[in-house]
Each structure stands twice: as C-alpha cells, then as structure tokens.
C-alpha cells in the first residue's frame, strides 16, 4: 500500500483529509460514563457484584437494605472512574497545548500563522531554530547552503546526540523564492510506526526538475516531536499528520501483564465462589425444608395457602445475598491503591538515583511490583547493560603486526607511531577507514576544538583514536570530507553510503579521492561479515588470530578493509543501487543484495580492539542475585569469546574447577543436533551435582535448535542456571524469553538499546537502563533504572517488600469478609435458616469500606526485616520465589482463622446477650464490635515494624468505630438509636470484648510463639537477631534443616569431580580473569540453587507449554 502526497496543492491532497489534531484521550465528555462503566463491568467480578446489587432491590429476598451493597459498589466504582477521569483530563490538557501551538506554513508563496492542529497533508511547514516539529515532514530546504540541518530526537528515541538531516538531491540548488512555490508529488508508504525507515520517492514538477524520480530515506525527514537545533531555519512538506505520524502510530495501550500473585488471587477467588455456591445451595435447601416442616407449625408465622412459583427460590437467593460478602468488594481498589504506592516507593528511593547523570528510577507499570520478588530468570543484554558503553580504543593489528599488546594502549605504542611517521601504506589506509567510514559529524566548538557527534559509541571511539594518531577528521561539507594528516589536507567526496544493518553486520563508504580521482570502497564490520570476502590469496589467519586474542581479553573487535574500484564498475553498480533505493517494497532487502555485489575482493587492513568497561557494581550485583536463586542468561550480539570473558569478569559464571562451560555449535542441522544431544546428556547427569554448569550457543546454532530441536532446547533451558547466547538477533532474544515463560518461570529482561525492546516487552518484567544508546528500552520497559547495580535493590528490597505486603493484604481482605459471613451463617441456624441478617445495613456498608480498610492500607509501610538484612541475606528471596506467603495452604490458614474467630464471636456473644430483654440490634452490634476488636489485634499481630502511623491507624480505627456508632446512636431515625450508649454503659459488654479477644487471639499468639521458638524459619531467625541486636548471621547459622529436593536454599560445598566426562569443555585458560579468580579443589562455596536445577533432577516438574 502507498499514498501520494501533492506538495503545496490543497485540491489534489483533499482525499488525505486527516488534519494534525493530536488526540491521546481515552474518553470524551459524552462517552465517559457509558464507556467507563462498560470497561468496569467487562470484568467478571464487577458483573457479579452488580447482579448482587440488583437482587438486593427485590424486597422479598433482600435481608438488608439495598444501600448496604449499592453504597460500597457505587463508592468503589466512583473511585475507579475518578482516577480514569483525572488521568484522561491531564491527557486532554497535554493534547490541547500541542494542538493550539502556533506554527508557520507557506501557501502559494505566502507565509501564514496557524495552529498546529490545522496543518494539512501537503502543506509546506516553516521551522525556526529550536522549534518543535509539529508533524512528519519531508525536508525541502534549510538555511545551510549544503542542505543540511540538525535535529534532536530525544523525545522520539531518547538519543541526545544531534542527528543530521539532508534535503533530497532533487531540492539541491533551489533558491528560497522558488522553494515557497514548489510543486511535486511524493509517493510514500501508508502511515506506520517504524521510526528507522521511510522508503519513498519524490518527483518535482517543472520548472523545478525534469520529472526525475528522487528516492527518499529517513535521513530526508523531520519527524514529529523532534527539535530543530543549530540551524537558522528549515522547511518541509507534511506527509503524515495527527495520529498518523510515526510517533502517533507508536502510541498505544500496552497489553496488561498479569502477575503471579494476581493469578493466584483469581484462583482463590474462584475457589471461594464455588464454596459460596455450595453453602447457598445447602442452606437454601435446609431453609425450605425447615419452612415446610417447622415454620408452618409456629402460630406467629403466617404463610399463604398457595405460594407463587418462585417461592422455592426466595430463601436460596436470600442466602446468596447474605453470603455475597465472602468475596470482598473492595479488594481490587485496595490492591490498585497499594500497587500505586509501591511504584512511588521505587521512584522516591534516593539510593536508586544515578549520581553521575541524576537519573532516578521510574515505574511505568504500577501493577507488577510483586513479580519483582518472584523473578527466577534474568535475561540481560551485555553492551550498555553490563558494560558502561564508554568505548576506548585500546589495541589494533595492522598488516599482521600487533600494536598495544605491551602496555595495553595502542595510542602510545612507539612502533605504531613510527609506522605513521614513516608513511606505512597499510597503516595510513587503516587510519583513513577509522576516520571516515562512519556517519560521524565533526562540529566546531566555541573554544575552537573539534567535537564529534556520533550515533554509535564504537564510531566515536574510532574517530577519536584516529585523530590522536594524527588522522584528524576536520569537517564535512555536504558530500565533501576533509582530513588533516601530518599537516597536509586530504579531501574525499562521498559517493555512496552502504549503511550498517543487523543482518549485514558491516557498513561501507564509497569515496572519491579529490587529489587523484580514485574511487575507493572503505568497509568495517564484524569478522564474519568481512573476512569471508577477502581477496583471493590474502592470508587472513593472522587477522583471525588477532580477533580471537582480543576477544579473549573481552575487547570488542571490528575488521577494516579497503578496495579500489574501477570507474566503470562503480557506475554500473550505482545504477542498480539507485534502482534498489527507489523501491517502496522490500527496499532494505534489495539494497543489501546490491551492496553484496560491491563488497567483495576486499583487502583486509587489520582489526581494531575497543574496550567497554563493566559498570560499577555489576559483579557484586550478579553474585548477590545468584545467591538469591536467580538464574542468569546473557543474550548478546557480540562474539562468543568476548561474551565469555565479560561473563567471567562479572561473576556470571565461575572459572574452573567450580564452573564449566558446554558449547553448542555447528553449521548444519546434524552438527547442532549432535552437539545439543551431547550437552543435554551431560546436563542430565550433572543436574544433581553441585557444579556451576553453563552452556554457550551462537545465533546460527540457536536458529537451528529452535526450528528443528525445540523440545530438546526447552529441556536444556530447564536444566540450566546460566546460559550465554552470542550473535543473537532481537527476535531471537524475544524467542528465548518466550521459551522460559512457557515453562512457567517468572522472567525479567533488562537492556538499554532499541534492539532490546522486543525482549523487554516479551518478559514478565521489562527493565530498561537509561543509557548512552538513548531511552528506547527505558520507554518500552515496565521499570527504568540508571545503572545495572540498582537491579539488586529493585528486586531484593522493593520486589520482596511488595510481595510480602500484597500477600498479607489480599488474604486479610478475604479473612475479614469471611469472618462476618460465617457469623451470618451461624445466626441463620438460630433464626430458622431463613436468611435473616444479624447486622443492620449501615454496619454492613461501613464494615468493608471504612472499619477494616485503614489499618490494611497502612500495612504497605510494614517491613519484616530491615533493608540491610535483606541485602546481606539475599537467600531469603526464596520465600517469595516459591510463593510461600500466598498459596492454597496459607489461604487455608486464613480461612480457618476466620472460621475460628467467627465461632468465638458468635458463641460468646450468644451466651452473653441471648436473653429475653436483649434486642437483635444489640446482639448484632456486640458481634460487630467483637469483629472489629479481633481484627485490630490481628493486624497488630501481623505487623512486624511499628511506627507512629501504624499505631494511629490500628488503635485510632477502633476509636473511629466507636465515634461513628455513637453518632448513629444519637440519631432517632438511624435504626440504632441509643444502642451504643446502652451497650458501653454495661460492664458485660466490655467483659465480652475481653473474652472475645482473649479466646480468639490466645491460641494464635501461642501458635506463633511455638513456631518462633521451636520451628523458626530463616526469616524468624533474622528477625530475632535484629531485635536482640546480635551479630550478623552467616548463611550457615540460618540453615536449620537438611536440603530437600524442592525449591529451597542451602549452602553447598563444591569440589572438583574426580572423573570428568569428555563433554566438559574448559574455560579459556589464558583469560586474566580466570587466572585471577581460580579456586583450588575442595574450596567451599556457598550458593543457592534455583528450581531450574533442582526440579529438573526429579523429573522436570515444570509444566512447559507445547512449543
């Protein structure tokens, strides 16, 4: 599909009637109420509560005033709707500001001032320096004589470096006067969200040009939300407007992620719903039987002789209404509120602010904080994520000679400096490729120095290194490049740029030497993308050895090459290149095919080696998280040896004898199958052995494994704690995440670049690092952090606390609802199983919304352990990963507690107040008071760290309960007139409260004391140590039970196995890190295995979906 945009012609562009109005609003003034209600009632639980509320309107079956259900329902829906309205109002204000911004357009040669929302497709938009681009434009002219302008794209892709944009070749030389009256047509694709591509063609009408077709790329565009910088003015024709711009198409509502805790809460809710139906059926049948056998014998109960057809449904429906409170109506609002607070805690954490850049952490997704505490696998990018992405040129190999090996710095290598001085041909060519085979822009600073603006850190490092070696890239004027070398000036004309792509893994520049007219191809790229295309007869073994050597040192390598072209060869190729560049369909593929025809018979000049240092705290972070039972997979596009050395240096894997690498390689299906089978066999054998085993696989072998041996690879994924996947593409990264998710593991993906976005979005939790490659990953992620080391605190502190708090909040919500419901059920047995409510409507309405909510919301600041203890003992994360605090077993405990407390409240209340002069309202108020007192003590008992706010909320809530009820007791029409005054004046009331609390909490406190004293968990021991102010415990102190084959944690002493299968492949012996971090046989080493290794040894307990 394509569209035609007519330049400066309103009539011809009428069919493209989309204006430039931006709308990110979800609602309008007229559809807000119906649309919001539709969204809320699309959820099953809300439909259920609405049905209950509607049944309450049937006076024959409702046991209480309908307001007791409609009140909380309306309140909760109003809270949700108000939040949506508030968010949408802010979106409206943002849209209004953007739409009403004034811009200049040119019509028929006349400038006009209009609002941005009135721009039409085909209008020529005029921009001045520092203006924001209001829509997607094709650049037509700039104030620069060479047709160049500079834009800042930070709002679009997060990259802060200025980028160059150039006018199409068809517009070069058109003066300002004619520019205003330009006519032509642009053939472009239909709107899409790909900000990296714009495959279009432009044809200007006479008298501007002779109808020649000019191809357009993304470099000829100015995209919406970019800013014009360092350019006096620029103008362009609008091709996409409004929500059809690339930015507008990128906007969208991300698919919500369901946390493991939410899934468990849904299952438990379903179980309670089934239990409720059973109770309703049993009591409904019992009620009808009692009515037919006993009630008609009572003289004071008058039933009609002939009952209507629905008579048998009345009592069951009445019990349905009575038991509907089993499922707490407030749980969703409560969880949404506390989850929002969890996100704010992350953003307010001053210890997660990058001091270098001032970047704070940010939670874009407020709904999944609990999943941080249940992470089992972390899949991480390497460059910019584990490393600093500060590239420094360290070594090189030119013509088989190694430079920089002695002192680790080629820039100070005397031999290299002598070669430059003597004019070595290979060295000069090598430096030339370093200097100009790139997209770097040299800019003159105010101090007169040359500053390089590069889109790639690698290119920046190479250009700077070349300048330090006297090959200085001085300036770029349109297609003319100027280099200064040893006092002489060299000029090149750029004929074509063969851009880098992830498939080609190289880039080339075709230049013409202005001194001798020679046409030269300069290339640089990965070794596998350059060396196979070396000219016949050239020995590349030394270059290959250099790549291998540098990779073993953890350095990033690029091969540089050179080829002189015949003019006829270039001209023939140029025609095909322009044809491919003008295609609208499959342009990228056809360009790559044409480039391949030129990039051959290359003369390999040498190899560069660039250092990318690890970020501060990376080894410590990975070591700590591995102790927490989290498995690590490194997914990188870098070379195998480089990735391995980085993995060694950052504690990703352990050197021999404690660590072992298994290689999966091969170029054919048969080779990969054999290698995979060999590694899988070894992993099965060593699954129960305490050895740190990891596997390594490259992108090619991974592609074959996923296509032909997916089941075996999935088994390997289950068995492996650590994996290093090299030379992988963005799509393969996402595939690996999906494989682990299919096995029901909770995954976290972390990266910093645009190539990590798919992986981040695919994972259960996506974390983006605000790095030097921009903010694309950070914007696509659920959480954004400034440094990798903050991941430790994000998981161990915020993730764990969030899990603990939500586990308590959700189960307590069910507990308090079940408690009141069980009392209603018990009361039915002494009221003829009629479905009569013990409590009045006001009490029921206030119970869930007010009386029992405040203490729970304050529990979001509760901490079972101090942050220091959590960070020092990461092994306790196991309780979250295993779901120990929220599961059917723990829920059964809360269920039993609610039943026990209901029995206590009911029995004591009945025995104390069931006498002739006691009113039913008094009985209900005594029972309700007992519930409130019990719940205050339950919250106090479950609270680990008391603050003034928590004391005020727990005990102040009790005071508030009495204040509210005294107020209602003073109102004659409330139905509670004088009840509270009468009760509180009776000593028996306070004795009853004391008995209820004593009988209800005594066994609970005794059970807790027994557990803490005689069967303490690791957390209990740490809590006792904190309270006593004792020394920091070691892991050995914590481990009180022998290891069982389950997802548990315990220290393991690892020794060198006596007999090692040939399948074991040693780590690189010449690695400096391996030497530095080597351990002798028998050295004890404490680490905690995750479920992946443990479960696999007992029949692979994970249920993987069919892949």
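Glycine is treated like the rest: Cβ placed from N, Cα and C.
Some features that Swiss-Prot has for this protein:
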TOPO_DOM  1-33  topological domain 'Cytoplasmic'
TRANSMEM  34-55  transmembrane segment
TOPO_DOM  56-60  topological domain 'Extracellular'
TRANSMEM  61-83  transmembrane segment
TOPO_DOM  84-268  topological domain 'Cytoplasmic'
TRANSMEM  269-290  transmembrane segment
TOPO_DOM  291-315  topological domain 'Extracellular'
TRANSMEM  316-333  transmembrane segment
TOPO_DOM  334-807  topological domain 'Cytoplasmic'
ACT_SITE  381  active site, 4-aspartylphosphate intermediate
BINDING   752, 756  Mg(2+) binding site
TRANSMEM  808-827  transmembrane segment
TOPO_DOM  828-841  topological domain 'Extracellular'
TRANSMEM  842-860  transmembrane segment
TOPO_DOM  861-890  topological domain 'Cytoplasmic'
TRANSMEM  891-912  transmembrane segment
TOPO_DOM  913-919  topological domain 'Extracellular'
TRANSMEM  920-942  transmembrane segment
TOPO_DOM  943-948  topological domain 'Cytoplasmic'
TRANSMEM  949-969  transmembrane segment
TOPO_DOM  970-982  topological domain 'Extracellular'
TRANSMEM  983-1007  transmembrane segment
TOPO_DOM  1008-1107  topological domain 'Cytoplasmic'
REGION    1048-1075  region 'Disordered'
MOD_RES   1050  phosphoserine
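Mean pLDDT of the predicted structure over the topological domain 'Cytoplasmic' (334-807): 88. The two recorded residues, residue 752 (Mg(2+) binding site) and the residue listed as 'active site, 4-aspartylphosphate intermediate', have Cα atoms 8 Å apart.
Counting every protein chain shown, the number of other Cβ atoms lying within 10 Å of the Cβ of residue 381 (active site, 4-aspartylphosphate intermediate) is 29. Residue 756 (Mg(2+) binding site) is 7 Å away from residue 381 (active site, 4-aspartylphosphate intermediate) when you measure Cα to Cα.
Pairs of Cβ atoms less than 8 Å apart link the transmembrane segment (891-912) most often to 808-827, out of 34-55, 316-333, 808-827, 920-942, 983-1007. A 10 Å cutoff on Cβ-Cβ distances gives residue 752 (Mg(2+) binding site) a total of 31 other Cβ atoms nearby, all chains included. A 10 Å cutoff on Cβ-Cβ distances gives residue 756 (Mg(2+) binding site) a total of 31 other Cβ atoms nearby, all chains included. According to DSSP, the residue listed as 'active site, 4-aspartylphosphate intermediate' sits in a coil region rather than a helix or strand.
Taking every listed stretch (34-55, 61-83, 920-942, 983-1007) in turn, the largest tally of C-beta pairs under 8 A with the transmembrane segment (316-333) is reached by 61-83. Sequence-distant residue pairs (6 or more apart) of the transmembrane segment (842-860) and the transmembrane segment (34-55) include fewer than 3 whose Cβ atoms are under 8 Å, leaving the two stretches without contact. Residues of the same chain lying 6 or more positions beyond the ends of the topological domain 'Cytoplasmic' (861-890) and with a Cβ under 8 Å from any Cβ of it are 260-261, 264-265, 268, 271, 373-376, 624-625, 627-630, 746, 792-793, 795-797, 799-801, 803-808, 810-811, 943-945, 947, 949-950, 1017-1019, 1022-1023, 1026, 1032-1033, 1035, 1038, 1046-1049, 1088, 1090-1091. Non-local neighbours of the topological domain 'Cytoplasmic' (1-33) in the same chain are 81, 84-85, 88, 91-92, 94-95, 98-99, 106-108, 116-124, 134-135, 140, 181-190, 204, 237-239, 241-244, 248, 251, 584; each lies 6+ residues outside the stretch with a CB under 8 Å from one of its CB atoms.
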